[in-house]
Amino acid sequence: MNNYLRKLVEGQHLTEEEMYKAGLLLLSENILESEIAAFLVLLKAKGETAEEIYGLVRALREKALPFSNHIQGAMDNCGTGGDGAQTFNISTTSAFVLAGAGVKVAKHGNRAVSSKTGSADLLEELGVNISSTPNEIDYLLEHVGIAFLFAPVMHPALRRIMKIRKELNVPTIFNLIGPLTNPVNLETQFVGIYKRDMLLPVAEVLQKLGRKQALVVNGSGFLDEASLQGENHVVLLKDNEIVEMSIDPEKYGFSRVKNEEIRGGNSKENAKITLEVLSGEKSVYRDTVLLNAGLALFANGKTETIEEGIKLAAHSIDSGKALTKLNLLIAASNEKLERVN
């Protein structure tokens, strides 16, 4: 590890292979917590490259719990977090809208690191069992159409690092790679990131991971979601080509809304917002979910255009299908799935 730390101190990039080996060291028991913290801080100060991100993703996926990966066509819409905006749980709420529209959603997530309420905190508050095993997740994807993959369960080697990340209380490379380490063999992906200069590198990693189609977004105000506040910077991966775009919410019929107006709170407050949105209540929260779910449906290939994606997202909510998916997940995730274990 000393060689890698020395390179980072000198501002040098690590190669993909060096980062892969460093990643295996980070996940081992043969390293001091102070070394892990130093590595994360130095890497953040230098700035992460696509090669470094992919190298660490390789290490994490290698050490993750094994999946059969017989489920075809799955999607994740997990974002990086780390934007400091304290918004409600946009991507987690949107996940049920996607599922209600017929997308198989393998939602990867964690507890809060730099926000008040992470996806795991919200789902637990709503009554979802967040500790499903790989076999149970396969079952849920096949029979319910949505499953939650709790990062500490999927990546047991990350437990030490999670503690250090919490103590550092700043975004690190683990924010960036969270959405990229889903152990399910995803076909498509919608990724919100908090760093605009990482749009292309993250898209390049998704390309290396073999995604059929993907959309990476950095929202107005550097949100890790699409925002109603103004122009959103987007990179589309389609047909193995990467294209930069911008998305203006007003073009799709939305009024501009400041990011401060979609702030969330603790898990109880955010659960209330999620239930209101999925129940069809009109609000700025709903509009934010419609924009994000609409973009994700376009990224999935479920619709040909973003406009159609937004309409399909609205139908998923207003038909009751999105809320039904939540209720089905609550029930099925809490069953004793002995038949699949």
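Note that Cβ sites are derived from N, Cα and C of the backbone, with glycine treated the same way.
The 5-phospho-alpha-D-ribose 1-diphosphate binding site annotation in Swiss-Prot covers Gly79, 82-83, Thr87, 89-92, 107-115, Ser119. Annotation source Swiss-Prot lists anthranilate 1 binding site at Gly79, Asn110. Marked as Mg(2+) 1 binding site by Swiss-Prot: Ser91, Glu225. Annotation comment: Swiss-Prot describes Arg165 as anthranilate 2 binding site. Per Swiss-Prot, the feature Mg(2+) 2 binding site maps to Asp224, Glu225; the stated evidence is sequence analysis.
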Review point. If you run the three-state DSSP split on Thr87 (5-phospho-alpha-D-ribose 1-diphosphate binding site), which class comes out?
Key: strand
Review point. How many whole Å apart are the CA atoms of Asp224 (Mg(2+) 2 binding site) and Gly79 (5-phospho-alpha-D-ribose 1-diphosphate binding site)?
Key: 6
Check your understanding: So, in DSSP terms, is the residue listed as 'anthranilate 2 binding site' helix, strand, or coil?
Key -> helix
Exercise for review: Write out the long-range same-chain contacts of His108 (5-phospho-alpha-D-ribose 1-diphosphate binding site), meaning residues 6 or more apart in sequence whose Cβ is under 8 Å from its Cβ.
Suggested key: Asp76, Cys78, Leu149, Ala151, Met154, Gly178, Pro179, Thr181, Asn182, Val184
Revision key, fill the gap. Sequence-ordered, the binding-site residues among Asn110, Arg165, Glu225 whose CA is within 10 A of the CA of Ser91 (5-phospho-alpha-D-ribose 1-diphosphate binding site) come to Glu225
Study note, to complete from the structure: Cα of Glu225 (Mg(2+) 1 binding site) to Cα of Gly79 (5-phospho-alpha-D-ribose 1-diphosphate binding site), in Å and rounded, measures 7
Point to revise | Between the residue listed as 'anthranilate 2 binding site' and Arg111 (5-phospho-alpha-D-ribose 1-diphosphate binding site): CA-CA distance (Å) | key: 12
Practice item. Select one residue from Asp224, Glu225: among these binding-site residues, choose the one with the most other Cβ atoms within 10 Å of its Cβ. Key: Glu225
Revision key, fill the gap. Taking only the CA atoms, the spacing between Gly79 (5-phospho-alpha-D-ribose 1-diphosphate binding site) and Asn110 (anthranilate 1 binding site), expressed in whole angstrom, is 11
Revision key, fill the gap. For Asn110 (anthranilate 1 binding site) and the residue listed as 'anthranilate 2 binding site', the CA-to-CA distance in whole Å is 12
